[in-house]
Amino acid sequence: MEYNPEGPFADPCPTKTRADLEWDRILEALAERCASRAGKRLARALPFASTRAEAMTVLAEVREAVELARTGEPVPARDVAELEDALDRARIGASLANEELRAVLGLLEAARTARQYLQGRRQIAPALYAACATNPELDAVARELASAFDPDGTLSDRASPRLEALRAERRAVRDRLVRRLEDLINKHEDILQDRYWTERDGRYVLPVRSDAHERFPGIVHATSASGATVFVEPRVLVETGNRMKMVDAEVAREEQAIYAALTARVAEDIESVAAAARALAHADVRAAAARLAKDLDLTFPEVPEGAFAVDRGASEAAARPTSIELVGGRHPLLALDGVKVVPSDLSMSAGRAMIVSGPNAGGKTVALKTLGLAALMIRAGLPVAAREGSRVALFDVVLTDVGDDQNLHKNLSTFSAHVKNLGRILGETRPGALVLLDELAGGTDPREGEALAAAVLDSLCARGGTVVCTTHYEGLKALALGDQRFENASVGFDLATMSPTFRLVVGVPGASSALAVARRFGIPGTVLERAERFLTKEAVTFEQMVEKLAAERRALELAREDAEREAAASRAKRRELESEIERLRDKERGVLTREGEALLASLRRAREDLKAAQSRLRGKPTEEDLRAAARAMDAVGQKTSIGGELELRPKDEPPARPAVDPAAIRVGARVYVPRLRAEAEVVEVLSGGQLRVAAGALKLTTSIAELRGAGAPPAAPAPPQRRVDLDAAADPDVPIQTADNTVDLRGLRAHEAVAMAEQFLDRSLGAGRRVTFFVHGHGTGALRDAVREALRGSPYVARIRPGGPSEGGDGVTVAWLKW
């Protein structure tokens, strides 16, 4: 059978798989987190998605429920009575009772609350809204039901005018009865057992002493258990009591008529009501999945397509797509039980087998079940017990042979039961099958069992299955040495503490450590020494070699972890230093901007003064006009002198230094680092033109292109004397950078920066700006190139150029807008 990545898929959980992986415990954990009985019932029978589209929709719904829960406003869920039987009876015209109609009202009110909640969050939870939104026309049904009942659940007098009249009459009749009874109590106190009245069979009676009841005319309705009291309805109240019974009967008939009418109203929208019940249970299960995800720290993996495409003509070593990859995978049931779980990384491909070895009680079977439950959970639309970055494909079926299947009733030994199960698994394995085998071909002669196990694994891989098995067979561990379809993995054993580590290590076979485990559990040392003498030299050598490999692998892992921690600390320190450098640069640019704005204002005022002087001189200037023009010219001269003296680069900027000669770069060489404005020593030459330099206690990585030669810099040339062209100063060709005409795009991705740049152009045009500054930094140049390309293609931009030395250099782009 060919695997179709879009489905339809088979049921992934045969009966044995369900039992082996304890799938029902996952469903029960989900049900426990449901608020409603209908939700719990649905959770315990949670279906598996039959197509990829269905699986992705369910995952989207649960992801949205998780996000809503994180906002502090989770999907509303409350216990709503199960109404399937009641709705079925309403369909055929039967009348619902008071409790059932009020349960329908509760359902409709809960549906309205859920619909309004999801409608208000439709943009962030579209999948949940589509799945759980109910028919708004049901609100009218809810209003009719609500108006028929009082807050205490009784049918309201307002339910019908006749009911209101009948109940009023009943109250009046009862009041007459009570008054007469109280009069009789006062009149016949000497023959009453006590001063009270009560009801028997719907009739109003007095407790008369049995020895005096003949003196009290009336009808005896009951006697006390001791016989000392008889309950007598006074003869004078019989007619009134009869009227009371008749009114009660009429009230009951009217109430039943109202219940029938309300049931008929519900029946008019019975399908919408049933759909609302299903939607509420659906939403309840999704909210429960979000709570389960929080409690067990579950995440949503990538669900790859084409994960089971096995090229039959490709070599065994050819790369195949990963069908399941768990980063920090954990057994969810152990987490549910509060057991401390050691996360493991697991990665498998179709047509390949992972052979897990190592000591008993070390976690081999846990690894199998972790993989199997992850495959089932993703098919059921649940997140998995692993970290972000995991990948789990939609397996068509999960086939397992885990645990002791001895069946005395059928005369099957443990080995026979396993073999029978293996035959079934071989027949069902295909691309899209995840096969999990615990102690493959164990329980028989080791040589024959090892041969059978190797043949089974070969066949399963040839059929395209994704296979994981546990074993103690040394021959299976050696398969990976000559066949790249097989890969070893092991659970560790700490010889120092004589205990398993529960950590799965891929790529290294594990030692069974049977003697070490025996020593841990108290087998006498003399027995163990004798056992070691019985071992063959080859077995001892193989076991020792595996243990040595495992120890070396662990040492390498510890060294890698230390290196990663140091690298992370270095990256954090570098980011901190770069942030401080940028802060100082921003501060310098701010100083320049303020000075530039002051100069521009001064030049504008000078220009206005000149225009005024020119205007006065066009006519017949008086002597006073000439003196005013002279004063204006003197003022302009002073202002342009100030402008000529203003430095348009950061204060204390060092003079330019020559570029460093790449041939002179070596460990120990001295270089100048512009970003630090300090000399540093080369401590490491890296690939790709990168260096590691140290300036005192500070170390950082930089490029050769960024560095300059060390030593005394050339003397800075004297700043040239220049006059400021007043027209140019006011012209946008000489732009002045301010906070209003500058946007900072650093830290954004290219598409985000382009979008922000376009928005800034729109605002700038609306504000009447003619020049804009885009700060994108240097970096790799990708952000700069994307921004400039967008600006060149913008219909709003006339031209662009890189920033000048005082504007941020090539880390800034200046754009002139079209007018």
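Backbone N, Cα and C define each Cβ position, glycine as well.
As given in TrEMBL:
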{"type": "BINDING", "residues": "G358, P359, N360, A361, G362, G363, K364, T365", "note": "ATP binding site"}
{"type": "COILED", "residues": "542-620", "note": "coiled coil"}
{"type": "DOMAIN", "residues": "743-818", "note": "domain 'Smr'"}
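Features as recorded by TrEMBL, highlighted on the structure.
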residue: G358; record: ATP binding site; Cβ within 10 Å: 31
residue: P359; record: ATP binding site; Cβ within 10 Å: 23
residue: N360; record: ATP binding site; Cβ within 10 Å: 16
residue: G362; record: ATP binding site; Cβ within 10 Å: 26
residue: G363; record: ATP binding site; Cβ within 10 Å: 24
residue: K364; record: ATP binding site; Cβ within 10 Å: 26
residue: T365; record: ATP binding site; Cβ within 10 Å: 20
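When pLDDT values are averaged over the domain 'Smr' (743-818), the model yields 86. DSSP labels the residues of the domain 'Smr' (743-818) in these numbers: 35 helix, 19 strand, 22 coil.
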